[in-house]
Every structure is written in C-alpha cells, then in structure tokens.
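Notes to accompany the following structure.
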Amino acid sequence: MSVKVLNDKVILEHAGSSVEIYYYGATVTSWNYRGKELIFLSKKSFLDGTKAIRGGIPIVFPQFAKASDPSAETAALPQHGIARISNFELLEDLTDSESVSIKLGLSDSQISESLRKFWPKKFKLIYTVTLKDGALKTDLTVKNEDSTPFDFQALLHVYYSVPDISKLSVEGLINVSYIDKVNKFAKSIENDQFVKITQPTDRIYLDVPTETIKIHLSEDFKEGFTLQRNNLKDTVVWNPWIETAKSLTDFDDDEYKQMVCVEPGHVSDYVNLKPGESWECGQIIEYKP
Ligand SMILES: O=P(O)(O)OC[C@H]1O[C@H](O)[C@H](O)[C@@H](O)[C@@H]1O
C-alpha cells in the first residue's frame, strides 16, 4: 500500500492494483486492476496541461457542456467548465488497512485569471480518490467561500475501457427519461433494460432513481462494473462513434470501439449554494472480473 508523489501526478497502490491521478484537472487517468487497465485514456490525449485530458475521469465543474441559457451565471465558461483544465494541489494522503486515498484541492485563487473572469466566484473544491481492492471511489465537495450564493453543475466524466463496444450494455436506465443530444435534444423514455451502443450516443438521463447502474463488458454479464452514485441525480451516456471520433484531434479514429462514458452528474439544473455552505457528491465503481 503506497502513495507515490511525482511531479505531474500521484500514484496510489493497493493489493496489486494502482490508480494514477494527474494534478491537471485532478483527472484519474488509470485504474489498473491486477494488470488490467479499466479506464480508457486516448493514446492521442494531451497530458501536458495544454488541453483537457481525453479519457480517465475529468471533473466537470461548474458547468456541464455549454450553458443553454445565456443568462446563467456560468454561461461565459468554456465547455465543461474550469476544473478539468486547472491544476489541483495535493492536500493529504490517507491510508488504512483496506484502502489508500488522497485529497486534492482547487480554490478560485489557483485558477488562471483568464478563466476566473468568466466565473468570478470564491470557491473551494476538495476531491478525494480512494482505491480499495476491486473498487474506486471518488468524492467531490464544493464549498462556497463567497459572500453571495452561486449556481453550479458537477459531473464525474468517467471513460470506461471497453474490450469490444458491440458486446457492451448498460443496465439500470429502463423507464428513465432522457434528453437525446444527438436527436435535437428530443426528450424520450428509455425502453431497453440493456442499453447497447450501436451509433453516436449522447444522452442525459434525468433523475435516475436506480441505486446501482451496471456496465456489462461481456454478453454473458460476467465481467463489468457496478456504479453507485451519491447525490448525483442525472447520468450521461456518451460514445462519439465514427464521425465525431474523426473530428476530435485528441482521439484516435477507432478508439470509439474501446470506450464508453457513463457519467454521474447534477446537470439538468443548477445547485444553488449559499455562502459558507458545502455540497457533496461522489461515486463508487466496483469491478467484477
Ligand atoms: O469533447 P469534450 O468537451 O471533452 O466533451 C465530451 C462529451 O462530454 C459529454 O459526454 C457530453 O454529453 C458530450 O456532448 C461531449 O461531447
């Protein structure tokens, strides 16, 4: 069990597994389970802090996508906000017999002037990443350190590594309403118990009541993940598929076959946080080999 602190990232090791977290965006870029990589990271991703990391688990805050309402407080921010393109600092590491974890922090004083002017709020983020045997837990706390309330959205943009997209299915979304971003933002209801990805997919599932979402990697449902969400009511499912993959400069043309994003978030409206108050959310991902 150990925590290795390097110049650009921290590596957690526990029971033959490891997790890598870059300071840039506090982005988890790898979860290696006893020799097997479980998290997708594009081979064309930038890792030098010049662009958001393409893959891993970027943190979306305080705005998901671009704000649709031009009067939103976060409307001037770039796509997916500030967190994924800012350098977090290591606050502490904590280990016990069952897990190893670190806390990373980001305050408004640590973000660039050019970003701060788009959202001039005083805030603090604390992000805790915990590795257990077969489980990865990530928790985010948002603190309002300003003198007035502010609005925000938050999402944990997990890119799962998928051996073969044609065998993948996501379970736990049946009967849930969703906004279909690839169909002019039309609202639909999910009819499938096992959602397959066979085309460009970009859906915001709203107010998902399911306690555990399952991501099946194999058709016999043996290998896969279970996802438990804390205080994240919505879930985005994204795969760019062929044409969008080709248009992304930091994503290889064929990589859409090896990934799926299942992203718990609070994105269908805003959280309004009062001065001095904190808001917490998180996820626990368990891997079943
Ligand atoms: O290309 P990015 O800014 O990293 O966004 C990647 C994707 O994130 C989310 O899944 C959104 O729902 C998609 O619309 C978006 O394309």
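The first residue you see is number 1, and the count goes up from there.
Glycine too: its Cβ is placed from the backbone N, Cα and C atoms.
When other Cβ atoms within 10 Å of the Cβ of Arg54 (substrate binding site) are tallied across all protein chains shown, the result is 24. Classification of Arg54 (substrate binding site) by DSSP places it in coil, neither helical nor stranded. Residues annotated as substrate binding site in TrEMBL: Arg54, Gln79, Arg84.
Following the DSSP three-state reduction, the secondary structure of His157 (active site) is coil. If you look up TrEMBL, you'll see His157 (among others) marked as active site.
Annotated active site per TrEMBL: Glu263 (among others), in sequence order. Residues within less than 8 Å, Cβ to Cβ, of Glu263 (active site) and separated from it by at least 6 positions along the same chain comprise Val60, Leu155, Leu156, His157, Val158, Thr235, Val236, Val237, Trp238.
Among the binding-site residues Arg54, Gln79, Arg84, the ones whose Cβ sits under 6 Å from an atom of ligand 1 are, in sequence order, Gln79. Other residues of the chain with a Cβ within 8 Å of the Cβ centroid of Arg54, Gln79, Arg84, the substrate site, are Lys51, Ala52, Ile53, Pro58, His80, Ile85, His157.
Taken residue by residue with DSSP, Arg84 (substrate binding site) is part of a helix. When secondary structure is read from DSSP and collapsed to three states, Gln79 (substrate binding site) falls in the coil class.
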